[in-house]
Each structure stands twice: as C-alpha cells, then as structure tokens.
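K.L.:
Can you read through this structure? Questions will come right after.
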Amino acid sequence: MFKKPLSIMLMIVMVLTFVIQPMKTSAAFDLQAESAILVDANTGKILYQKNLDAILPTASMTKMMSEYLILEAINEGTISWSQEVPISDYVRNLSLYTALSNVPLRQDHSYTVEQLYQSVAIYSANASTIALAELIAGSETEFVRMMNEKGAELGLEDYEFVNSTGLNNSDLLGNHPDGTGENAENMMSARATAKLAYHLINDYPEVLETASIPTLTFEAGPDERIEMRNWNWMLPGIEAQHDYEGIDGLKTGYTSAAGNAFTGTAERNGMRFISVVMRTGTRDDRFNETAKLMDHGFNNFSSAEIVESGYAPDGLNILPVAAGKEREVTISSVEPLTTVIRNGEEDLYATELVLDDNVLNEDGEIVAPFEAGEEVGSLSLVYTGDGEEEFLYPTQRAEVLVVTDSAVEKAGWFSMTMRAIGGFFSGIWSSVADMVKGWFS
C-alpha cells in the first residue's frame, strides 16, 4: 500500500508552536548492569537504554519464549491445561538434579500441563520446561527449532536459542538438542529480550496471572509436596526489602556465564513498563537495578493525551470530493492520540497526516459515494525535540485512523453535466483572460 505523507515541517509550522528541548533515553543514574533497557509496554517506546544491543547469555529468561509457545499451543487448542504430560526418562533424571531449579517429577504420577506450566513460570523448573517442550513438539530439538522460528517471526533479530530452559547445554546430562554445541548457551540482546517480553505480555496477558503468584504448592507425588517460592523477589511477601509496588512479572535468570539477569514488568496509574537487566553481580543486584529502572520510568514519564479525538490539522481537514453531491468533505481522527512522554514535554509533539493512495484518485480526491467513517488515512505523532524517540520496532509511533465526518452521495447525471459545462466555459474564460493580459504585458 502506498501512502501520501504530507510535509512534517509544514505540519510543525501549522499545528504547533514549540520550544526545542533534548530528548533523553538514558538517565543520569549509574546502573550496575552490563546491559539494560526500559520500555513502555503499550507503545514499545524505549525510555532508557544501556548497551542494549550487546548479545549476552540470557539464562532462564529464555523460558519466556518457551512460555510463549506453551500459551500459543493452549490458545490454538494443540494442548489443554488439563492434559496429562508424559515424563520421559531424561526429564525424570534431570528433575532430580538438585543443583538446578527443579521440582522432582515421577513416572508413576500424573501431572497436568497447568501444573508443569506453573512450576515453570513461578519456580523456573527446568525439567518441567523440557517435558512441555516434548509434549508440544515431540522433542526438545524440534521445540528449539520452533523457538528460533518464532523469534524470527517476532522480529527479535539478536538471538539464538539452543535449548528450551536457558541452562548451559553442559548441564543437560548429555542430552542437548541436536545441532547445538555441548557447551552452548541461549543468547539475546537486551533489546531482543524486551521485544520477547513485549509480545508475551501483549499477546498473552494471562501470563501475568501465574507469574505474579508469590508462592504455590506443587504436588510432586501422593505424599510429596514442594513449596515453590517465586524467584521474582520483587513480588509482595517474598523478600521485604525488594517489594515493589505494581510488579507482577516476569522472569529471572542465572548461569555463571550470564550472571544474574531479570526481565521485570510493573504497572501503576495505567502505565506498564518492561525492564531488562543483564549481567548484574548478585541476585539482590538484579532487583535493586530493576527498581532503579522502574523508579526512573514512574518518576519521569507519564501518559498524556497529545491530540483529542475528532482532530485534523488546520488547513488539512478538508478533502475534495469527485463525482459527489458535495464538493468537499471534512476529515478527522477517530480516537485521541495518547503516548508516554517525559514529564513537561507535552508541547514537543507535532502531528503528521498520511492519506491512503488506495482511497484517493490521481487528483487527490475521494470519489463519491461513500459513508461517514470512511477510512482515508492516519494521524501520527512526531517528536520535535532534540534527538529522536526510539521504539522497539520502527513502526510503533502513536497513530490513529482518520475518517470522513459525513457521507456524500454520488451526484446525478444532470449535476455532473452542468459541472462539466461550467468547467468548459470557465476554461475558455481563463484562456481569453490570459490572452488579453498578454496583449498589454
């Protein structure tokens, strides 16, 4: 689809008077993480970044992709929450590896998809993750192929999945997926990790219902119960010094190569942020640094309605109509334009109107007949301060549809004929006038 963009500079002159101030995505605080990012979960706008494209080991943050594929399989009906999950010899043996995060799994006891999923989302259970991978794909090797394919589909770019858990392959008891190295680790950048979390939260918001559970009992067997304490210590009631208002996810990670990492998400006053910190020093550090990021977001940014519903830039709110009873029609936006802004920068936004070539004829007219509410283009926000706003994806600028405000019927034969005659004589008169002017010039 080809679009007709109207000049942004013209818009800025016609629409807004502004004072240029710098746009900053990095804060003045010292964040103790090798790589980090803070993102608005609604718009994908990047509010803070540090070394965000460095490709680093992700450890158990990998499980966000496994959770995505599990929830996708649930929603597509491939598996169900109540379905029993077979436990292979490999999964059984790995589940008893107490040096790893696990719940013990038995082959003489039944577990549902829901139970194992809860152990993954809350307790980061590695063997449970592989059991679900085998259920969905037949093997972890095939599941890893699906993970990488989904990563490409989601536009992650800087990533490589070698197993479903985030463990180093050397921890998998010699059963690492085919085609991967025996010491390989899953790798992503902070940007790619934030993209994954963004899609997980927005495509399957139910993920937070489980991720936000502080503790839950897992029935490992008839007489064996495991108290699962969420590894996300920022949830209420786990470690008081890390309690953080509004936090409800998402995934921690640790390996010796990855260090301590955490993808967090929190919501306050209608704003939800996603944060990623990679290679922090300790378990406490990953939460302390996340708190710094979240504080930066909630203290310095707010959601603002920049343009109200029913708006179109002055001078650009009228479209000429071809073959209609009316010669023109007004257009306007169907919704307000809202975005997350740095506090005090409400006036640093202009609007850009883009009309749809498929709706207009070659003369830029909309052809009658059409109804009220006919889509003719879109209205988006343009940041006019110093620098540029950055998003997880380039296409994520705040944008709303622009439609016709009223219907226009097709003009009758007589009206069209009279217009043609009028146009003919108007053209003759213009030619005569030009000729006379030429005599005296």
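Glycine too: its Cβ is placed from the backbone N, Cα and C atoms.
From TrEMBL, for reference:
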- SER60: active site, acyl-ester intermediate (ACT_SITE)
- LYS63: active site, proton acceptor (ACT_SITE)
- SER124: active site (ACT_SITE)
- LYS251: substrate binding site (BINDING)
- 301-410: domain 'Peptidase S11 D-Ala-D-Ala carboxypeptidase A C-terminal' (DOMAIN)
K.L.:
By DSSP, how many residues in the domain 'Peptidase S11 D-Ala-D-Ala carboxypeptidase A C-terminal' (301-410) are helix, how many strand, and how many coil?
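P.N.:
Helix, strand and coil residues of the domain 'Peptidase S11 D-Ala-D-Ala carboxypeptidase A C-terminal' (301-410) number 0 helix, 56 strand, 54 coil.
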K.L.:
Whole-number Å only: compute the distance from the Cα of the residue listed as 'substrate binding site' to the Cα of SER60 (active site, acyl-ester intermediate).
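P.N.:
Given the Cα positions, the residue listed as 'substrate binding site' is 7 Å from SER60 (active site, acyl-ester intermediate).
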K.L.:
Can you grab the distance from the residue listed as 'active site, acyl-ester intermediate' over to SER124 (active site)? Cα atoms, rounded to a whole Å.
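P.N.:
Spelling it out, the Cα of the residue listed as 'active site, acyl-ester intermediate' and the Cα of SER124 (active site) are 7 Å apart.
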K.L.:
Using C-alpha atoms only, work out the spacing between LYS63 (active site, proton acceptor) and SER124 (active site) and round it to an integer in Å.
P.N.:
8
K.L.:
Tell me, by DSSP, whether the residue listed as 'active site, proton acceptor' is helix, strand or coil?
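P.N.:
SS state of the residue listed as 'active site, proton acceptor' = helix.
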K.L.:
Inside 10 Å of the Cβ of SER60 (active site, acyl-ester intermediate), count up the other Cβ atoms and send me the figure.
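P.N.:
A count of 28.
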K.L.:
Of all the recorded positions here, LYS63, LYS251, which one's CB has the most other CB atoms within 10 A?
P.N.:
LYS251
